[in-house]
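Pulled from Swiss-Prot:
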BINDING   Glu569  L-isoleucyl-5'-AMP binding site
BINDING   Lys613  ATP binding site
BINDING   Cys895, Cys898, Cys910, Cys913  Zn(2+) binding site
MOTIF     58-68  motif ''HIGH' region'
MOTIF     610-614  motif ''KMSKS' region'
Amino acid sequence: MEEYKDTLNLNTTTFSMKGNLSVNEPKTYAKWQEQQAFKRMQARKDNHGDFTLHDGPPYANGHLHLGHALNKILKDIVVKREYFKGKKIYYTPGWDCHGLPIEQQILERLEKEKTSLENPTLFREKCRDHAKKFLEIQKNEFLQLGVLGDFEDPYKTMDFKFEASIYRALVEVAKKGLLKERHKPIYWSYACESALAEAEVEYKMKKSPSIFVAFGLKKESLEKLKVKKASLVIWTTTPWTLYANVAIALKKDAVYALTQKGYLVAKALHEKLAALGVVDNEITHEFNSNDLEYLVATNPLNQRDSLVALGEHVGLEDGTGAVHTAPGHGEEDYYLGLRYNLEVLMSVDEKGCYDEGIIHNQLLDESYLGEHVFKAQKRIIEQLGDSLLLEQEIEHSYPHCWRTHKPVIYRATTQWFILMDEPFIQNDGSQKTLREVALDAIEKVEFVPSSGKNRLKTMIENRPDWCLSRQRKWGVPLAFFIDKRTNKPCFESEVLEHVANLFEKKGCDVWWEYSVKDLLPPSYQEDAKHYEKIMHILDVWFDSGSTFKAVLEDYHGEKGQSPSDVILEGSDQHRGWFQSSLLIGCVLNNQAPFKKVITHGFIVDEKGEKMSKSKGNVVSLDKLLKTHGSDVVRLWVAFNDYQNDLRVSQTFFTQTEQHYKKFRNTLKFLLANFSDMDLKNLERPHNFSPLDHFMLETLETISAGVNSAFEEHDFVKGLNILMAFVTNELSGIYLDACKDSLYCDSKNNEKRQAIQMVLLATASKLCYFLAPILTHTIEEVLEHSQALRIFLQAKDVFDLKDISVSEKLHLKEFKKPENFEAVLALRSAFNEELDRLKKEGVIKNSLECAIEVKEKALDENLVEELLMVSFVGIAKEKLSETPAFTLFKAPFYKCPRCWRFKSELENTPCKRCEQVLKER
């Protein structure tokens, strides 16, 4: 039989089974950069509209990790998908360059070098150099992922023009009356010595003291209640704030119970508190909280008065129903203080230590001066004496600084805020608050997943005013002048635009370098002595939140349209970039700066735990790329439900590699089997068999399914449809049935040529759907197939576009085989019986069989093809019988060329093979 091997169509392709991705991909990516692939993508337009994905900036510090890869790969898939649909695409990657982490890096370096740098300009220069260094590192690492974008001209928040744009956005906020200076409690990082915005706070578990303290009512209050003794019992987990207590808040219209021992608590909580031993069991009096308002108690720590007030924030689920109130250390306390005109006491310095205010205001004795508040808590608790009713330790969720990961405190300071509830004029002349405008805007935005809408909505509903000012150096300054004659900020347009122009030309370092006079426009310079600079910098979330203006609006559409079609970030950005962008967009334009928000989860280990170096469960991105290649990493991203957290381990990547090999080997098989086709046959109509029609109709059906899934950004659903098709209909049915014709028929055989056209159409669809994900691999596929390039009219991957199979193959309709489901059912039953006969050693393969089918309406040729038997009909030697069919030994001899049992003489080719051999 060996002599016939060379007569078979055992075609090959130069497309390798092994991708050797880690070696070949960098060459491809270098070629794309050299050819300016992204510019070419932007130049192509098929009149299917524009698409802008606005990039949320990563921080220009450190190397990339797998979380960065997840985010950028998803963006790249979304952008390329829109590109291959024929849209003009815009995607400008960017970097967040200002902020505390870089400052800390520079300070640590200076400390190691044992040098100090008081000059703010030189310090900022070092910060800028650090950001530049890591920006370039990260840029090259992104390119290794096969990500394409305008990396030649990315946006950087530290560029002079960008800093000016950020400042101009701030000016708009000020002009609309939403920027105000306030003395109020805010999150304060004593580790960073700076204010924090809500987005810069993360919640982690922390152990804290939990204490119940009795505040005795003063004599006049006892007389009003007509009782001899009564103490309101408060519960707190921040004993260090007791020094600043000025009030006790009760729930409005609630019943409060006085016990025999004189403890006053909410009646709804009395039983629980008695069980803890905080109060005694017997109730002697009951009071409505409204009757307790304006009574006065005594703070046992410093004997200062504490007013009884009523607060909407007081709950009856935990605690005592009596809330310790210190307006200098809590936002709800602060707002209650405004209603009751309470004193704001705050005697804690930037480092979190008690300052001299504790002595001046007689809040604590001088031994506490300079002591950190958390360290002082033990002594404070001891000082309470008999007023301490119970002390425990609890573990609870507590705010921490997201940069230092240390606990934060609430501390009243003078800061600049964007006001959420101050009405301002809209485009239509009406007045709404920023909170109202933002909530209205959310309703017009699409969210993927849809749960993101309520998440963002709830955050906007409940968020406080936005604290903008930071007491640092590396950032855009809050560059306003205070007029010392009025003690008010100067918001004159001439002054503000002059500063903005200086920033655009020379960078905002000038705010530190120049004198007040040099920063003012000429017409104001005579009065320079009356002005002083505000020396705060802006919250970096304002930088990133105004990127839509700096990138999309300031370039007048050159870098994309505003509002952008899509923004795509991790789910943590609901409290970060999504909010800051939304709020600034609503101030500037009365609308969200984006139409759709897509969110993804986080990278966790195989157990679902967060990755950390201390746990030793970090998976190195660099190692993954070297082991598997970027296309496998990209496929892993797309083959996962990215809307939830993504589990990572070597096992998961090994599984993904198997998926990749399945796609690659399928494409290799397809390429090999139409590699010998006559290119003249590409455009002419073909006579397709019923089985071909089944395959082509299936191809169009699954194409619709994949397109639908990809439109919804459900890549895992689309890929599962594609993988099921490749495994079942393509490999499991069609290719098995066609191998005989592909290998053994004449090259000019019409049936074989029609099959090759089906394979070509299938390969083209696989290329189209996989190109946004496996861009390098599909580029490689096209390099190795001239037929595919001609069929798709694509010289490389960037020329790809969707095709209609029916139009391309001149088909007006698909003629699916009659009774096809019945033939497939027969095939399934046949394969079961075949396996049994193989195990018993009766036969070796299906070609040894003849089959008699009980259902006479079935097409015999189709049965022979799909079951891969040599004969359909009755033969002499019965092998087995089932209700649906009878199996016989094939009645003819084995053909030495095609191995089917169709030869009339032993060791002689069958009639088909004999004819093929004559034509050679």
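Cβ atoms are placed via backbone N, Cα and C, with glycine included.
Known features from Swiss-Prot, placed on the structure.
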residue : record                          : Cβ neighbours (10 Å)
Glu569  : L-isoleucyl-5'-AMP binding site : 22
Cys895  : Zn(2+) binding site             : 24
Cys898  : Zn(2+) binding site             : 23
Cys910  : Zn(2+) binding site             : 24
Cys913  : Zn(2+) binding site             : 24
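In the three-state DSSP scheme, Glu569 (L-isoleucyl-5'-AMP binding site) is classed as strand.
The DSSP breakdown of the motif ''HIGH' region' (58-68) into helical (H, G, I), extended (E, B) and coil residues amounts to 3 helix, 1 strand, 7 coil.
When Cα-Cα distances from Glu569 (L-isoleucyl-5'-AMP binding site) are compared across the binding-site residues Cys895, Cys898, Cys910, Cys913, the shortest belongs to Cys898. Along the motif ''KMSKS' region' (610-614), the predicted structure has mean pLDDT 72.
Close to the recorded Zn(2+) site, the chain also has Cys744, Pro896, Arg897, Trp899, Arg900, Lys902, Ser903, Pro909, Lys911, Arg912, Glu914: residues not among Cys895, Cys898, Cys910, Cys913 whose Cβ is within 8 Å of the site's Cβ mean position.
Annotation note: Cys913 (Zn(2+) binding site) sits in a helical segment as assigned by DSSP.
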